[in-house]
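Visitor: Summarising the annotation, TrEMBL assigns transmembrane segment to 20-36, 43-69, 81-102, 198-223, 235-252, 264-281.
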Amino acid sequence: MSGAPPAAAPRVRAMDVRSLAFWGVIAMSAFGLWTLQRNAVPAALAFPPSTALNLAVLLSCLAVGVWLARRVLRPVQAPPWSGTWLALMWGGLAACGMAILMNGRLLSFWSKALGLEASGAWSAALTAPLNEEAAKAAGVVMLAAVSTRLVRSAADGLVYGALVGLGFQIVENFTYGFNGIVMAGGVEPFAATFQTLWARIVLTGVGSHWAMSAVAGAGIGYLVSASGRSAARRVRVALGCFVLAMAMHFLFDSPLPGGTAGTLVKPLVNFAAAIAVYAVVRRGFRARWAAVSHEETAAGSLTADEARSLSRRGARHRRLRGFRSGPEREAQARLQRLQLALIEERIPERLPAEAAEPWRKAVAAARPAG
């Protein structure tokens with residue numbers, strides 16, 4: 001191995017804590033927490049067993065959901081943890097707090113405009129798609145404003161949208177766990193919370209907020225990306241994704257189709273829509289990744305074997321296991337991280353290839369001799 005010191009990679013920040021957008025996220029999340037605690041804390045103190053059940057189930061769901069979103073929804077490698085936590089915080093606190101205020105006002109309007117019977121059936125479907133989808137989508141926009149390195153493609157927007165929606169979904173389920181007690185008249189509160197969680201997680205969770213926000217987030221990611229497409233086309237795609245997310249939410253809350261079949265089918269339709277958008281986003285991201293890998297292989301930054309293994313998590317791990325544990329494997333792992341950063345730097349199509357030259361130099365300097 002070479003005795004030269006490792007090359008210094010370009011210093012970049014996935015999150016700029018000095019930006020106004022970052023502190024906007026913090027402030028809105030604090031506001032959401034204050035809004036939520038006014039009702040949640042008294043209910044939690046009044047029903048300790050239900051609170052324990054709520055926390056145990058929903059924290060487990062949060063852990064599984066975060067793992068799945070980071071492992072599956074973002075091709076090649078997971079998003080930064082800094083962006084992950086901001087997305088969850090916005091969805092669970094800021095968006096929920098905003099939704100509480102906006103929903104109350106719009107629900108009141110529908111009651112007056114439609115009458116009690118019609119508003120009781122349709123007000124949720126007419127309210128939540130407008131208020132809640134706007135509040136959640138604002139989170140992806142705020143992440144893009146915090147740092148241009150967080151949201152650089154439709155794939156980034158999709159995974160952050162899913163994480164925002166997951167945060168919203170977890171906190172909403174927490175509050176609904178207590179609402180179920182009220183609807184049951186305070187009788188057997190533990191059982192009421194369990195039944196509510198069962199319905200909202202097992203029966204409908206697969207097509208709930210995470211799916212809707214993932215679709216809207218993909219459009220926002222496409223809008224802010226340097227994709228080489230015209231501004232008009234990117235705006236059309238972003239609006240189309242947002243309208244689709246609202247339509248998914250309308251279907252989810254609509255009283256039609258009713259009954260058990262409707263309850264089960266509507267989330268599956270939303271899940272299918274989210275997977276369809278994911279498939280399109282993933283195909284575009286991987287096509288761009290393959291093109292850049294080919295160019296960087298021709299430029300000498302990657303070998304053919306490295307290019308084949310770099311885009312798959314399992315293949316990267318298997319390649320590293322082929323080197324002796326210790327300094328040799330550590331050097332290869334560092335080289336691999338720099339190569340990933342190089343290709344990620346070039347994913348935005350309109351950025352000049354020369355902009356990634358510092359990463360190429362770092363890759364070349366980090367490559368072990370021989």
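Using N, Cα and C of the backbone, Cβ positions are placed for all residues, glycine too.
Give me the structural setting of these features: burial, nearby parts and distances.
Guide: Within the chain, the transmembrane segment (198-223) has long-range Cβ neighbours (under 8 A, six or more residues past its boundaries) at 57, 61, 65, 69, 73, 91, 132-133, 136-137, 139-141, 144, 151-166, 168-169, 172-173, 176, 229, 234-235, 237-242, 244-246, 248-249, 252, 263-264, 266-271, 273-274, 277-278, 281.
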Visitor: Honestly, do the transmembrane segment (81-102) and the transmembrane segment (20-36) touch, with at least three Cβ pairs under 8 Å and pairs 6 or more apart in sequence?
Guide: yes
